[in-house]
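Q: Below are the structure tokens for one structure; questions will follow.
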Amino acid sequence: LALNPWDVVLCISGTIISCENAIVVVVIFYTPAFRAPMFLLIGSLATADLLAGLGLILHFAFVYFIPSEAVSLLTVGLLVTSFTASVSSLLTITIDRYLSLYNALTYYSERTVTRTYIMLILTWGASICYGLLPIMGWNCLKEPSTCSIVKPLTKNHLIILSVSFFMVFAVMLQLYVQICKIVCRHAQQIAVQRHFLASSHYVTTRKGIATLAIILGTFASCWLPFAVYCLLGDYSYPALYTYITLLPATYNSMINPVIYAFRNQEIQKVLWTVCCGCFSSTMPFRSRSPSDV
């Protein structure tokens, strides 16, 4: 096959995604302190994005060096599983953040740990099921007319994935609206108790809402174009449209480590220790504020 520049770009993106998320996975896996529910969910997201990056690399390698229908099904199945797990992990993180604010007094309990494991099992169970569908026979290799914009996935399969994405996005949007309300209420209560100025309360609340808007806005801008095109597009459409909408979706897996892992102070502490050994145990950490949500 003639080398497609878009495939090269996707492969490069996959390499960057793999490197970023591999760092997060290694840090969380080899740090005993990172066994709290929050870090387990971040580790799940990083694992999903790591598999997505590897899937993009393998897809490029197999298409141009080992072309095979069976291998194509395997790589597409891996990509479906990993990207579905990535989006689902973002939902579980949102749910965890909401519950940590809504049930602050009971959040640090065994019930939270059990709930986290249940969410992880459901997330990866559903993602693996979605990824196995092409391998189990739900593909368009024998009937090209049923193909979607992403071969060899069928149009019906892609519609199900797109509808599932919109459902996840709707739930996340609703949860972040509720989080904004809780953040504003908490910030106002803290301001009254500590006799802060109104301007200080306004700045803190604005920072919290801005952070939530960036998180949700990044997710939407990366995935919505591809999800909409999956519903409207057809296999007869130029492949260029698929690449243009799919590439931003891969960027979400590139941005996730920055938003959810590298901004975390505990993870930063471990990274500094590993990279330069210059961390001091007496290094002060500021307390959490609504802007850290």
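In case you wondered, yes, glycine gets a Cβ from its N, Cα and C as well.
Automatic, uncurated: that is what TrEMBL annotation is.
Note that the coordinates shown come from a computational prediction; the quantities given were computed from them, not determined experimentally.
What TrEMBL records for this protein is below:
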type     : residues : note
TRANSMEM : 6-31     : transmembrane segment
DOMAIN   : 20-260   : domain 'G-protein coupled receptors family 1 profile'
TRANSMEM : 38-66    : transmembrane segment
TRANSMEM : 72-95    : transmembrane segment
TRANSMEM : 116-138  : transmembrane segment
TRANSMEM : 158-177  : transmembrane segment
TRANSMEM : 209-228  : transmembrane segment
TRANSMEM : 240-262  : transmembrane segment
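Just tell me what is around each of these and how deep it sits.
A: Counting residues 6+ beyond its ends, the transmembrane segment (6-31) has Cβ neighbours under 8 Å at 39, 42-43, 46-47, 49-50, 52-57, 59-60, 63-64, 239-240, 243, 246-247, 250-251, 253-254, 256-258, 261-262, 267, 270-271, 274 in the same chain.
Residues 37, 40-41, 44, 48, 73-74, 76-82, 84-85, 88-89, 91-92, 95-96, 152-154, 157, 160-161 of the same chain sit 6 or more residues outside the transmembrane segment (116-138) yet have a Cβ under 8 Å from a Cβ within it.
Long-range contacts of the transmembrane segment (158-177) within the same chain, counting only residues at least 6 positions beyond its ends with a Cβ under 8 Å from a Cβ of the stretch, are 80, 84, 87-88, 90-91, 94-95, 97-98, 130, 148-150, 212, 215-216, 219-220, 223-224, 227-228, 230-231.
Beyond its flanks by at least six residues, the transmembrane segment (209-228) meets 87, 90, 162, 165-166, 169, 172-173, 176, 179-180, 183-184, 244-246, 248-249, 251-252, 255, 259, 291-293 of its own chain at Cβ-Cβ distances under 8 Å.
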Q: How about long-range neighbours of the transmembrane segment (72-95): same chain, 6 or more residues beyond its ends, C-beta under 8 Å?
A: 41-42, 44-45, 47-52, 54-56, 58-59, 62-63, 116, 119-120, 123-124, 126-128, 130-135, 139, 141, 150, 152-153, 161, 164-165, 168, 171-172, 175-176, 179, 219, 223, 249, 252-253, 256, 260
